[in-house]
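Feature annotation from Swiss-Prot assigns motif 'Walker A motif' to 220-227. Sequence annotations record features per position, and here Swiss-Prot assigns motif 'Walker B motif' to 315-320. Annotation source Swiss-Prot lists active site, for ATPase activity at Glu320, citing sequence analysis. Positions annotated as active site, for nuclease activity by Swiss-Prot: Asp474, Glu546, Asp658.
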Amino acid sequence: MFYVKVMPALQKACEELQNQWSAKSGKWPVPETPLVAVETRRSERWPHPYLGLLPGVAAYSSTLEDYCHLYNPYIDALTRCDLGQTHRRVATQPVLSDQLCQQLKKLFSCPRNTSVKAKLEFEAAVRTHQALDNSQVFLELKTFVLNLSAFLNKRYSDRSSHIELFQKQLIMHTFFFLVSIKAPELCEKFCNIFKLYFNIDTMDQATLDIFKQKASVFLIPRRHGKTWIVVAIISILLASVQDLRIGYVAHQKHVANAVFTEVINTLHTFFPGKYMDVKKENGTIIFGLPNKKPSTLLCATCFNKNSIRGQTFQLLFVDEANFIKKDALPTILGFMLQKDAKIIFISSSNSSDQSTSFLYNLKGASERMLNVVSYVCSNHKEDFSMQDGLISCPCYSLHVPSYISIDEQIKTTTNLFLDGVFDTELMGDSSCGTLSTFQIISESALSQFELCRIDTASPQVQAHLNSTVHMYIDPAFTNNLDASGTGISVIGRLGAKTKVILGCEHFFLQKLTGTAALQIASCATSLLRSVVIIHPMIKCAQITIEGNSSQDSAVAIANFIDECAPIPVTFYHQSDKTKGVLCPLYLLGQEKAVAFESFIYAMNLGLCKASQLIVSHTIKLSFDPVTYLLEQVRAIKCQSLRDGSHTYHAKQKNLSDDLLVSVVMSLYLSSANTLPFKPLHIERFF
């Protein structure tokens, strides 16, 4: 019975002794006089609070810095905090031999005469260091790190023996911004100290500044512990840092309610309920320790954006930000104007839908806000899509969290329910059609194409110019200038392999009057007539009219051109699969990818040239037709499809690729000798 009565007192006394031992163990005592005193000019020496006055160059000594961190660490192995012990792993400290210790003591056995100025300078350094160590802000920030460390060390969950790298990065983005607003004058000193706590002491200042930015974005695959770590961070912030205002916004009400409840349960586990004021009607938690200003958490959803208006959050966590209601984004982004506020966007990435993967557009931004967890690098995305048994990038050392199951069977089973869902939910930044990120045509080839043009009017060149040219027409039957236009190009053969662009048009209908076929045919005929006038050796033209948009209009265009052409013309004829009837049109299919590859090959080898006398009636006189074409050539992108095939296009926001398609297809079809080019059959059937 006596043992039972005194047990609580014994435990309390034991904890006090452990705290005292923890506070003193491994710490150097501050000497009354400097151990070392270099009597040089004040500008050439450096006062160290534990060693004395050292040469100024010692401030840049990494050896001295490592020595001090090893033998006088800021945090020892069994540091106590409100939530238990941190269990920090401490490096083994080398021990000096007895003989060496005796010799070193002899060096300092002689009395040293230290000047009064040196003593005053040393004492000032000691006071500054002690004031920094005991400042309220430093103790709060230190308490947060220690409490979070103890909390995540199997106090939060049995599985939380360690955290993932992205979770540590999320903690650092939160913490170092907090340092920058809580102690702006001492921010650099505090950051240098706390870098040791996170084991990033070798990180340079430019990289560390990224953590202090006012916005950060995390794209993490599903089921990896995003909300889990956010709840831990918010809970420990409320318990450790006073006068802090935190906001949490979720895409659904049940998610916000779950986080709200989990934070309450976490705080109740370690602290009495009297420290906490919960207001369920507006999702607010107010937590305050005795004699400290309370901190506040507000949990809201994107559907109730008015609840976050007028708030002064210093940290705003936006969970599943890709799926946030777009009407709420302006309200959320309004906190960027607040000087001491940071927005942290956290989301999984359903990259099969552009509307729910808009945050990935931040990739490549100079602010370096985007953080992505992916199992496949950009160079191997196509391999990942084409090989069913591949679950991660071959150039990665696969690290899978202990609570995640990823293998070939999981991938196969998941894709059975919905094709491609494993890729889009796991890879984070992939899409159902992946665009190549490298330049397809070299810059030197583009410069050569623009500058080195052929004088096709000279007799020497005309002697080698083939008498037959090829024209390709990609018609568009719309007056929407932003959507699409008609692309027309004329290409001639120079010698055995070289192709020369003699003329090109990018024609847009001004009005829809029912005469689109006639207007397109007139544009093509005018182009052909001008090319023939400049190059009188051209005697025949092979014409291909694309009929994917309207087969009837394509046939009409062929009839108009046949009646008005200045030279004999033949047309590509497509066979009707059911009746076998030949029609003067061309249906563009999967050969488009092959045609683009042929064009890319010709451009990179310099086998595709432009004429100095290139003809164009529709491209503005102030705009060089070759430069106009090059804008589309530079925008060529290779898109990988799910079936393993790929296609090419050069569509841009303010410019269509009609002219480029006509040039590509004209070059491709002019290279074949067995295509069905025939005169137009004009015999009447009635």
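Any Cβ shown, glycine's included, is placed from N, Cα and C.
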Cβ-based isolation winner (fewest other Cβ atoms within 10 Å) among the active-site residues Glu320, Asp474, Glu546, Asp658: Glu320
Rounded Cα-Cα span from Asp474 (active site, for nuclease activity) to Asp658 (active site, for nuclease activity), Å: 7
Residues of the motif 'Walker A motif' (220-227) by DSSP state, where helix covers H, G and I: 2 helix, 0 strand, 6 coil
Distance from Glu546 (active site, for nuclease activity) back to Asp474 (active site, for nuclease activity), taken between C-alpha atoms, in Å: 5
Helix, strand or coil at Asp658 (active site, for nuclease activity) [DSSP, three-state]: helix
Structural state census, the motif 'Walker B motif' (315-320) (DSSP three-state): 0 helix, 5 strand, 1 coil
Overall pLDDT for the motif 'Walker B motif' (315-320), taken as the rounded mean: 92
For Asp474 (active site, for nuclease activity), the three-state class that DSSP assigns: strand
